[in-house]
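Some features that TrEMBL has for this protein:
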- 22-114: coiled coil (COILED)
- 15-90: domain 'Autophagy-related protein 16' (DOMAIN)
- 144-185: repeat 'WD' (REPEAT)
- 188-229: repeat 'WD' (REPEAT)
- 230-271: repeat 'WD' (REPEAT)
- 287-313: repeat 'WD' (REPEAT)
Amino acid sequence: LFAVGDISVFVRCSLSESSAIITTLKQELQSLLSQKVDLEKAIQLIRDEHTTLQLTCSHLEDKLRKTQDENRELVDRLMRYKSKDAEKMNEENDKFLKKRYAKIQRELEEAAKDSSRNVSLDTYAPDIPYSEKSAVPTKPSYVFDAHEGEVSAVKWSPVDRIVATGGADRKVKLWDTSKNAAESRGVLVGSNAGVLSVNFDSTGSFILGASNDFATRVWGVSDQRLKHTLTGHCGKVLAAKFLGEPTKVVTGSHDRTLKIWDLRSRSCVDTKFAGSCCNDVVISDSSGTTIISGHYDKKIRFWDTRTNQNLSEILVQGKVTSLDLDRDNFSRPPFL
């Protein structure tokens, strides 16, 4: 009996524990089922939101396409308007230029009829020779390749049929044209940048080269050796001329000054402040007493080397890029 009672107690205890475990598991199952329901609701909510976002995205994509189409249409319309405006502007410019040219032509015809309106250079430099005849060349005698790049300057020798050329390749070249063809007679080197101007002295023994490296150089023609290097400008040297004699030189620069150099002392002896970029210079006579300079500000200036004064100025219609004088006869009135 004792053993049976013990077994009965043990069974009851086991049943009690099993009931407790079952109860706990039922509670956990109920909790999991509740979580499952919540998750299903959340998933459904996310699906609904995803569907809504897809619809919104599709709507926005349609709106973007329409906006892009409208933008292209507006751009095309704007380009058509701009093209029409450009055509109108070109027409207005053409009309303006035609009127301007017609006005200039009338003024030139009136000036040709009225000799009293002509300005003579005698007023400014009465000692400068001039020529009453000029002609535009119609065809070249011969053509040859002088430099590896642009040719910036050309000058005839005063004594021989020698031509000097300066180029962007930093060289001054001498050419013999006595046989109606260009034959090389030498290459003068030493410049550190393109050569912008060349000039012979009156004897043809020396040659000047103005350079883009702010310096001017003097070479001997016979030995082709570099004799002098003149530095002092703070801009590219656009023009250089011998000042009446082989020992003096005048240079004009982009730094708006003219400088006179003494080759015996290799120094600058005078600086003239023009106030505008100097594009070219010429000398009025063999003594070198008057310098004529052409400038970016549309003015031609006359300088007296003896008094260091600006004698006068001539205002022209555009910037002065080049100057030259007729040197056939120094006894005639000047012509620039």
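The backbone N, Cα and C atoms fix where each Cβ goes, glycine too.
Outside the repeat 'WD' (287-313) by six or more residues, the chain places 123-125, 127-128, 239, 243-245, 248, 250, 252, 258, 260, 270, 272, 274-281, 319-323, 325, 336 with a CB less than 8 A from a CB of the stretch. Note: the repeat 'WD' (188-229) comprises 0 helix, 23 strand, 19 coil (DSSP; helix = H, G, I, strand = E, B). Mean model confidence of the coiled coil (22-114) amounts to 86 (pLDDT, 0 to 100 scale).
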